[in-house]
Amino acid sequence: MAAVFLVTLYEYSPLFYIALVSVCFLVTSALVLGWFGLGVPVILRNSEETESSTRVLKKRMRQVKNPFGLEITNPAAASVTRGVTLTPDCLEDCVLTCYWGCNVQKLHEALQKHVYCFRIKTPQALEDALYNEYLYKQQYFIKKNDKAEKYCQLPEDAQVVDFGPVPRARYPLVALLTLADEEDREIYDIIAMAAVIHIPDESYRLSCRILYQYLLLAQGQYHDLKQLFMSANSPAPSSSDTFPGESSPDRGLLEKAGLAGDEPELQEENSKDCVVCQNGPVNWVLLPCRHTCLCDGCIRYFQQCPMCRQFVQESFPLCSKKEQDEDESTRV
């Protein structure tokens, strides 16, 4: 019966020719697109083509040592009127300079001057770049490996209870860490660190936190530190780590856990194992979402982050295979 229907359709209907030509066109197009690696069903491609098309770019890394560390002690007690307590932790003798009410525009112009004009190696260099656009300055000498708390507060005669509505023209506090000795500036790639700190006041009561941290390099770049989104049980990377060597000055992709406060940290209920295979240790950071959730074996199969489904543009490892092997041998 079906054969009779097809013969009748062949003899009397032009739709048969149209349908036949359409089917041939679709099959041919699918095969051609599959050869060129475009978005066609994976079954039309072999396993080697599939694996190569799913690889994402790996950022070039270089290892540097960060001599600066800064934390806020008891942030819940900090305010513009009561002040804030900072705890520096430096590998060399340093100078901590705190600028209250620093002009936002002038600070970012100063960062650009570090790139194009002169290097900000000392507090005086930053003040020259700021044109003294700040309300009050405090300065402390920090001994090597000294973790003593430093208390910073605006003087009472300043009579500042808030810095106005958002968006603001001034940052509440900018803390600058610089190397005290000229010889140390010749040794380290990172010569200064500027931390923008929000401090609650009468008009904006968001809890005290570090909003941004900028690392200034002797070569004339600066990098904005970003936190990684990791499992609560995952070990955080150390503070003197690796970062991409080809980042642009205004968009540094240097990664470091738990520093920047511009985005809330995601609480992932995962272990330190890969979220896909649950076997290998987490080692790869996905950009731009900054989720750290894949092991060395699973990274090659994903074009989208398994946590947030954002497309992965680049990725980099927290440690190399050689470092992993050395760490395992040390534990043994």
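Glycine is treated like the rest: Cβ placed from N, Cα and C.
Note that this is a predicted model, so its numbers are computed, not measured.
Here's what TrEMBL has on this protein:
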type	residues	note
DOMAIN	274-309	domain 'RING-type'
REGION	236-255	region 'Disordered'
TRANSMEM	15-38	transmembrane segment
Message = Could you give me three numbers for the domain 'RING-type' (274-309), the DSSP helix, strand and coil residue counts?
response = 3 helix, 10 strand, 23 coil
Whole-number mean of pLDDT values that fall within the domain 'RING-type' (274-309) = 90
